[in-house]
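Chemist: Structure provided below as structure tokens; questions to follow.
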Amino acid sequence: MEMLQGLLLCLLLSTGGAWASNEPLRPLCRPTHAILAAEKEGCPVCVAFNTTICAGYCSSMVRVLQTVMPPLPQLVCNYHELRFTSVRLPGCRRGVNPVVYFPVAVSCRCALCRRSYSDCGNLKSEPLGCDYHTSQDSSSKDPPRNLTSPSQLPEPADAPLVPQ
């Protein structure tokens, strides 16, 4: 009987470990697929393209007595390694460079937010997209005619970053 109780105890403890797993409930900071949009003055077409961004959760702490102690620095999901690639905007006026360069996440890490190259604000209520104030009446609910359909999204072509 004592051996059976020991076996039962081991079984319960091992199962409890599976329930209380170390895995987080939210995805950690990692490269994630995203669809972004690019537009440029002098180019009539907004182009949506596939890329990889850094997204996910980083561990953070908040002090209980915030008035007595300074706030703790909060970590955010940042690029660790990145490469640059480009997308070509069609139909640009003569003299306008149709190439738009953007970063592609190779790896990500939790670090302090650097405002020099990151948007440190809250999540946006609307996804990133093109500005249609000049090309469409604001009362219209129809989608813009000049946005590439999702089935025709270009994959970014690898290109070295060339200074303009």
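Placed from the backbone N, Cα and C atoms, the Cβ positions cover glycine too.
The following feature annotations were taken from Swiss-Prot:
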type: SIGNAL; residues: 1-20; note: signal peptide
type: DISULFID; residues: C29-C77; note: disulfide bond
type: DISULFID; residues: C43-C92; note: disulfide bond
type: DISULFID; residues: C46-C130; note: disulfide bond
type: CARBOHYD; residues: N50; note: N-linked glycosylation site
type: DISULFID; residues: C54-C108; note: disulfide bond
type: DISULFID; residues: C58-C110; note: disulfide bond
type: DISULFID; residues: C113-C120; note: disulfide bond
type: REGION; residues: 133-164; note: region 'Disordered'
type: CARBOHYD; residues: S140; note: O-linked glycosylation site
type: CARBOHYD; residues: N146; note: N-linked glycosylation site
type: CARBOHYD; residues: S151; note: O-linked glycosylation site
Chemist: Going by Cα-Cα distance, which of the disulfide-bonded residues (C29, C58, C92, C108, C110) sits nearest to C46 (disulfide bond)?
Modeler: C92
Chemist: Nearest to C54 (disulfide bond) in three-dimensional space, by Cα, is which of the disulfide-bonded residues C77, C92, C113?
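Modeler: Closest by Cα: C77.
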Chemist: What are the sequence-distant neighbours of C43 (disulfide bond), meaning same chain, six or more residues apart, C-beta distance under 8 angstroms?
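Modeler: Long-range Cβ contacts: L89, P90, G91, C92, R93, V96, P98.
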Chemist: Out of the disulfide-bonded residues listed (C29, C77, C113), which are within 10 Å of C58 (disulfide bond), Cα to Cα?
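Modeler: Cα filter at 10 Å returns C29, C77.
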Chemist: How far is it from C29 (disulfide bond) to N50 (N-linked glycosylation site), counting Cα to Cα, in Å?
Modeler: 19
Chemist: Check each residue in the chain of C110 (disulfide bond) that is at least six apart in sequence and keep those whose C-beta is under 8 Å from its C-beta; list them in sequence order.
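Modeler: When sequence neighbours closer than 6 are ignored, C110 (disulfide bond) has C29, C58, S59, L75, V76, C77, N78 within Cβ distance under 8 Å.
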